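Student: My structure is below; once you've seen it, I'll send some questions.
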Amino acid sequence: MARLTSRSPRWWRGVVGVLAGLYFLVPMAASILFTVNVPGQGFSLSAYTGILSASGFGQSLLLSLELAAATIVVVLGLLVPAVLAVRLSAPKLRPVLEIVCSLPLVIPSVALVAGYSDVLQWGPQYLSRTPLFETFVAVQNPGFPVVLVLGYSVMALPLAYRALDAGMRAVNVRTLMEAARSCGASRWRAVFQAVLPNLRGALLNAAFLTLALVLGEYTMGNLLGFRTFAVWIVAIGGEQAQLSVAVSVLSLLITWALLLVLAFAGRARSRTSRRSAVSVAPALIPQESA
Amino acid sequence: MTVEFRSLHKAFGATKALDGLDLTAHQGELLALLGPSGCGKTTALRMLAGFEHPDSGQILVDGEDISGIPAHRRDAGMVFQSYSLFPHLSAAENVAFGLRMRKVGAAERRKRAAELLSLVGLPQHADRYPHQMSGGQQQRVALARALAMRPKVLLLDEPLSALDAKVRVTLREEIRRLQQELRITTVFVTHDQEEALSTADRVAVMRDGRLEQCASPAELYDSPATAFVAEFVGTMNRLPGRVAADGTVQVLGQRLPVRGGAHATGTVDVLVRPEAVEVHADEHGAARIMAAAFHGAVTRVTVALPDGTSVKVDVSSHRAGGLAAGAAATVRLPERPVLVDPVAGGAGSASAALAGSVSGQGAEGGLAG
């Protein structure tokens, strides 16, 4: 059958493929061309070599990666128990969880940030005489702004929830749980040794989407005045256009590399992962800077 | 090991899953819980496994109440309806999972897993992953996994229902063979009466959360205690009849004794198995053949009586030649005592006249399943 259909002339498949390819590749090719073609000098990699020496590059990238790691921990720590609980013991609460996790999609991040910055402003005033004042200062530590982790966690909820939910649909969590328990595993061991290993793909998916979101997030970082990677790219773009595009291209490559690392990490440890570990293509790259 | 259910009650919201279930599984026997969906059979099994808790009543294992023991300490191996192998583990690792939970050493685990896989006929599949095995193979591995810890009781929750017909038959024979070999007390939930009758030592027929009858397959088939059992197990014809004052029943123009004695007079339904009805092609007969379905050794002939009642008759296929649809025929019953069931709501039928003890509920006897 497959052979028959592939023999019949499906020329439009090629057309669609080419169009889609052009749509994705032309802007990238243009970006790359722009970065390596210095007016008057011809081909030059100076934009790329300049990245390493540009002030703030390593710092902001490191900050964003740290924030991403913390956000992944928070999001998975919140969502995995919640989704499992909804599957196993409180199926009636499922719509509630679904709505809560979809809310961030409805609220634009600008509105979210406006709320955050308001609270960050009046909070210290009202609480200046209490120990909470220190908390407000601590969460805004520019070295590691916890407030961004909180914000990113909220923004990542819809993505991570979808990824986890899809993974849970693919395995029969309840039966796995009961099978493990009838084999003498306590509740905890059943979760960790029978259920979670089979959700590895979903967990990686959720983690990756969160990572992509955090690396590309600009609005919140910028409006709250922190120098995250996306913020730095935009800032440098104002001074050195070529450098900023070079950084964008580089960040795309970095993201792909991370994707591959995560996917391979998933494969290597579970030879069984028939479902590809990471199936959702990320929409990374700070759009604002392009 | 003996398992005893004592007046178990369980409600899920408004639905009563168990409504006073009393039942005992004896040491080493295979007890089938049979009934239509929603009769509470799975709930009873899950209670024994520790996944549900009774609202009231007790579950005794060797005389000890196990209500307070959590599922993972109950020492019960279970095979589930849906495929329940751990997808991330190979067949051998699946079988050894329980031993790993018990901190049995790796070498010992490997040995025991290999032993069990060959017991279920899959010695060469140790390194396969669940998705590389067929449904039947997966259930065999699940069986091996359930037996690996030498449980006191084996629980089978419709383990064959997802498999295709041929595999189902071979696997149920295998389950029976293993169970007899290991002499392990087994509770087998199924909605398939043929499965229950062919594998179990005793079959407990359940309905609406209660036990209707628990007996050996032959007894269940030959002397069902209630009309529900009679109709759920095997096929039953209902023929209109009338019980006379002398305790015999008038049916198809014949006068036959009532099994267990008649307790009432008046209009009744006479319950007869298709193989207990005789049909002959007869051009002067008042009955008419409606259909004949070939089932291999037997042909099931559907006959319409003059009053419109349709009767199913099993005829040995080599004699079914003259019984084509449309032919005239006569129908009669052999001279044997028959089972009668008072017509629901019928006048003059104060009590049921079924063999053994009879509940008024059982006599309402709608078809189920």
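Positions of Cβ are set from backbone N, Cα and C atoms, glycine also.
Predicted, not measured: the structure shown is a model, and the values here were computed from it.
According to TrEMBL, the feature transmembrane segment maps to A:12-36, A:56-84, A:96-117, A:143-164, A:202-221, A:241-265. Here TrEMBL flags A:63-262 as domain 'ABC transmembrane type-1'.
Would you situate these features in the structure and describe their surroundings?
Tutor: With a threshold of 8 Å between CB atoms, the same-chain residues lying at least 6 positions outside the transmembrane segment (A:12-36) that come near it are 43-45, 47-48, 242, 245-246, 248-249, 252, 290.
Outside the transmembrane segment (A:56-84), and at least 6 residues removed from its termini, the chain residues within Cβ reach (under 8 Å) are 97, 101, 144-146, 148-150, 152-153, 156-157, 160-161, 164-165, 168, 173, 191, 195-196, 199, 203, 206-207, 210-211, 214-215, 226-232, 235-236, 247.
Residues 79, 82-83, 86, 147, 151, 154-155, 157-158, 161, 217, 219-220, 223-224 of the same chain sit 6 or more residues outside the transmembrane segment (A:96-117) yet have a Cβ under 8 Å from a Cβ within it.
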